[in-house]
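What Swiss-Prot annotates here:
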- Cys42: heme c binding site (BINDING)
- His93, His194: heme b 2 binding site (BINDING)
- His107, His209: heme b 1 binding site (BINDING)
- 39-59: transmembrane segment (TRANSMEM)
- 97-117: transmembrane segment (TRANSMEM)
- 123-143: transmembrane segment (TRANSMEM)
- 193-213: transmembrane segment (TRANSMEM)
Amino acid sequence: MFSKQVTDSPAYKWFDERLEVQALADDISSKYVPPHVNIFYCLGGITLVCFLIQFATGFAMTFYYKPTVTEALASVQYIMTEVNFGWLIRSIHRWSASMMVLMMILHTFRVYLTGGFKKPRELTWVTGVVMAVITVSFGVTGYSLPWDQIGYWAVKIVSGVPDAIPFVGPFIVELMRGSTSVGQATLTRFYSLHTFVLPWFIAVFMLLHFLMIRKQGISGPL
């Protein structure tokens, strides 16, 4: 995997002696890839790339976004009109969000149609389904952050859906909104979910997902 010039360097030997870098590199580069693998098996990787773009562009916007009902929309407009390349960063964030959802759906169909969810890969499928739910949650929480008319009413409708559940419905609605009505507490909760809670959850399940794929390998043809 590494050139002879690199492996002969003192720095490489120092790290290899302590961390067995060469053994790790050999394991990565020698992993068997079935001959039936085609471009459709790259959809999961493309979904990951979209997530990384989301993370980078979202992190950049947190420097300027203000999660308050009075300043949220103005801060988004400031990003779009005043911040250098802010319009591009936010546009890429929106485009990659749509692309991530699309790639996730296509990846799910590919895995289902090729039987990649069958024994012994049931847990890999379960972690993928959990990540799909988290991805949709990203979309719901992120859609509200500009706190414009569309975002406000989207939050009001989405957070009101659980109200139809017997007994616990009103409790869930108040838990989501942070109050009996949609307001600052709701925006704060959605912002916290979108920028902190959900990224940690999806990172953990991604790690589990990739470790299981690494251990079990790519599923064979039907």
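Just so it is clear, glycine is given a Cβ too, placed from its N, Cα and C backbone atoms.
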Same-chain residues at least 6 beyond the ends of the transmembrane segment (123-143) whose Cβ lies under 8 Å from its Cβ atoms: 54, 97, 100-101, 104, 107-108, 111, 116-117, 150-151, 154, 158, 190-191, 193-194, 198, 201-202, 205-206, 208-209, 212-213, 216
Length of the line joining the Cα atoms of His107 (heme b 1 binding site) and Cys42 (heme c binding site), in Å: 8
Cα-Cα distance linking His194 (heme b 2 binding site) and Cys42 (heme c binding site), given in Å to the nearest integer: 26
Same chain, 6+ residues apart, C-beta under 8 Å of the C-beta of His194 (heme b 2 binding site), given in sequence order: Phe138, Thr141, Gly142, Leu145
His107 (heme b 1 binding site), number of other Cβ atoms within 10 Å: 22
Tertiary neighbours of His93 (heme b 2 binding site) (same chain, Cβ under 8 Å, six or more apart): Ile53, Gln54, Thr57, Gly58, Met61
Under 8 Å by Cβ from His209 (heme b 1 binding site), same chain, sequence gap 6 or more: Thr124, Thr127, Gly128, Met131
